[in-house]
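Listed in TrEMBL for this protein:
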- 596-791: domain 'YrdC-like' (DOMAIN)
- 25-44: transmembrane segment (TRANSMEM)
- 51-74: transmembrane segment (TRANSMEM)
- 86-108: transmembrane segment (TRANSMEM)
- 141-164: transmembrane segment (TRANSMEM)
- 195-216: transmembrane segment (TRANSMEM)
- 228-247: transmembrane segment (TRANSMEM)
- 285-302: transmembrane segment (TRANSMEM)
- 308-324: transmembrane segment (TRANSMEM)
- 336-353: transmembrane segment (TRANSMEM)
- 424-444: transmembrane segment (TRANSMEM)
- 456-474: transmembrane segment (TRANSMEM)
- 486-509: transmembrane segment (TRANSMEM)
Amino acid sequence: GSLLLAVHFYSSSRAAPLIPSTALGVLLLILSALLAYAALSVFVPQGSGGAPGICLTISAFWCGYGVTFVLAGQGALGDAGDLRDAVVPGLATFTVALLLVAVVGLLCREPVLALISGATSLASAHDVAARHSRALGSSAVACNYLVVCLLGGYFALGRILYFLTKGKMALPGTDLAKKKSHEQAQGTGGSTNPFAATGLILNMLWAGVFGCRLLGITSKLFMGQVPWLWAAGIYQIGICILSYRAMDVLMATSFGFTSILKFAGGYCLLYPLWQPEEPSLPTPFLVVFSILFAVLALFLSLKSPLDGLYLLVYVASCLALACHPRGFFAGGPQGVAVAVFVASALVALIHLYNVKAGAKTPPGKGKGAVKALLARSSFLKLREGPDLHAPYLGYSKYADAEALAFACSVLASSALTAPGDPQAPLATVVIPWVVVAGGILKLLGGSVAFARGKTLESSAFILYAVMWIIWGLARDGGLYGTTRSFHSAVGIAAFMLFNGFVVLCTLFLNITWFFYSLTFMLVALSFFLDAIHALPTGYDTAATLSFGLVSFYCFLSALSSGTFEGPCLPMGGPIVQLGGVRGGMSKCLHLPARRASSVKRIADILRSGGTCGIPTDTVYVLVAACNRPDAVEKAHRSKRQAQDRPMSLWISSLKQLEPAKHLFTPLLWDFMEAAWPSPISLVVPRGEWVDFLGMKDSAKYVGTPQSVAIRIPDCSVTTHLIDLVGPIVVTSANPTGEADTTHHNQVYAKLGDKVDAVLCDGPSPENVASTVVDCTKIDSGNIGFFRVGLIPKSQVLQILERVQKK
């Protein structure tokens, strides 16, 4: 990418550049997509420090720059002055942003990161200077991009050498494994969200477009600056998703909010293309938006006072927009945009340093003071711990996005309260608020809810998002016009029917969700009445206000439940009580596996004839003590075990079978000794040795009449439990035929009250079950495989070969 830009600027003085502007723009867009892919698929899983940040930052830079080149190549920007006004805000912003990255790279001894960022920053600075004064020429820009190109080639060569030599050779600064171990050695004292700095840089880009106009760097605001704003908005939604992956709910919500302003700003700059006057912003919406920002700032200050204070500049920005009819074109909002730029740059620098240095700067240490202050309160206590974002069912890679989804409902409903001109529906800026907030971001919230196992909630969010998008574009986008039709009424009636099912289901969820879905039914009814020319005066305003108020309470409740322990703003219980997973309080004990007292208590339950779900070296299993025949039979009944899926036997060491050693052949005994502990289950011939375990009549539920599967798990918690209880019978912790259980929350969800206790250890280390080996004919030198699981067949055969040689 830098080579393309270097060639372009070297040849820019010619009458015909070597690379036409349109071709250069398209190539930059392709390369920006590849950079984003590299950041998400390569660096993010490896946790490679600042690599995702620099890749995403330059990707956003090239995305906006590429679209601008395409517009220039197609003649959409007019003269050179328009081209300068279009590119300078983005170039100036990324000059400062990449300079910050370079400074942090130098402070943290990351020479490659510092040089690439610094050279790109200098290239952007020279580009700005050259566009204001032709005497400077463009050679300096090309030289800086050539430096970036050479550095990129050096890093690529280092990685190629590293892979070809299998890690034996690496050029200085290119060994990512060494850098990763260094970052882990520094600890996790820094920021837990490595993408926050990139999100703040995108906020700088939004503020830079409007700030440059106030400072006189650009002569006007026009459609040529829209690529920067919308590129920032698109990437901001991506940063929002990545922040949910980083389990940072509050920053993710703030990035969702700021992305809405970016799309709205771009819409306002596009509007003069089809209407000569400037669009008007709905004052009620902006006041509501400022309240949401203020509430989010309050909750965020409990986690990070610096970030909470930072969000206050957005409160000021929304209020400034509300006070000026010209909106983004007025001097007041542009002045606040300058403040947003400065604040974003400062906070981005702190976040960058916290991520790279692995230590918190003084402004980032405020959480301890807040925590100490709340420790004096008996009512408020911050939620902490590894299970802070654990979903109710199973394991999810995403934190809860309900707060953002509820806030988007508030924003969309408040935007619809703004009166518009039916003859000029686009003159009032409603589409960005309704379509982006009520539609796109609510779809995001529904997708995250689905990933967390919340099927009903996700269905409601996605349904409402589709409704907001369709209705927002139809009524406020000029597609609907002044005419009404039967076809629109039929479509809205279908949505109302679907929402009727949602309302019915929320009776079994909780009271707040019931009112949330019911008030949306009132909003849908206003759409329906409007379609059939029967809308009473003021009804739509009353319906949207009631929906907005309920949504605001849901927003506060979602934030408080994710921040504090205990129901500060409860969602309420189900109106109609059901049995099963959510039908009341669970009688099943859930005990943390990291405590020895928990393991002892599980052992007591097993010795008393109970059945328990426990973690293993593979997936979660349901177990019962062998010396309790009633428990073995209970485990069989609770599973509804199929005849071809018998239960197996686990021990903690071969000493537990020592009294029956003479009943096993020497080869089989040595093979068991060599194979265990491991995720390998050995199916051995059934014999009198089974009687030594005390299962009595319940032994018929274990294995088959000819064989029994037996294993020593490679899990210290499990083997310690077996030491306390003795041999146990084991079956998977799920109904027969269903998927394996990979999280302690799923055990009770799948088996209900049929399990007495669950030993909780979070997500399973593996999602694959054990390898099951047929050893019934091992003395003839042959073994078979009922199932190839975690351990491959070749490794099992190597173990057998070693034992046979012995």
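The backbone N, Cα and C atoms fix where each Cβ goes, and this holds for glycine too.
Residues 254, 257-258, 261, 281, 283, 286-287, 289-290, 293-294, 296-302, 330, 332-333, 335-337, 339-340, 343-344, 347 of the same chain, all 6+ positions outside the transmembrane segment (308-324), place their C-beta atoms under 8 angstroms from a C-beta of that stretch. Remote same-chain partners of the transmembrane segment (86-108), defined as residues 6 or more beyond its termini with a Cβ less than 8 Å from a stretch Cβ, comprise 50, 53-54, 57-58, 61, 64-65, 68, 71-72, 77, 114-115, 117-118, 120-121, 124-125, 127-128, 131-132, 201, 204-205, 208-209, 212, 217-218, 222, 224-225, 227-228, 341, 345, 348-349, 352-353, 356-357. Among 141-164, 195-216, 228-247, 285-302, 486-509, 228-247 has the largest number of CB pairs under 8 A with the transmembrane segment (25-44). Counting Cβ pairs under 8 Å that are 6 or more residues apart, the transmembrane segment (228-247) and the transmembrane segment (285-302) reach fewer than 3 and are not in contact.
A Cβ distance under 8 Å defines the sequence-distant neighbours of the transmembrane segment (336-353), meaning residues of its chain 6+ beyond its ends; these are 50, 53, 93, 96-97, 100-101, 103-104, 107-108, 191, 193, 196-197, 200-201, 203-204, 206-211, 214-215, 306-307, 310, 313-314, 316-317, 320, 361, 363-364.
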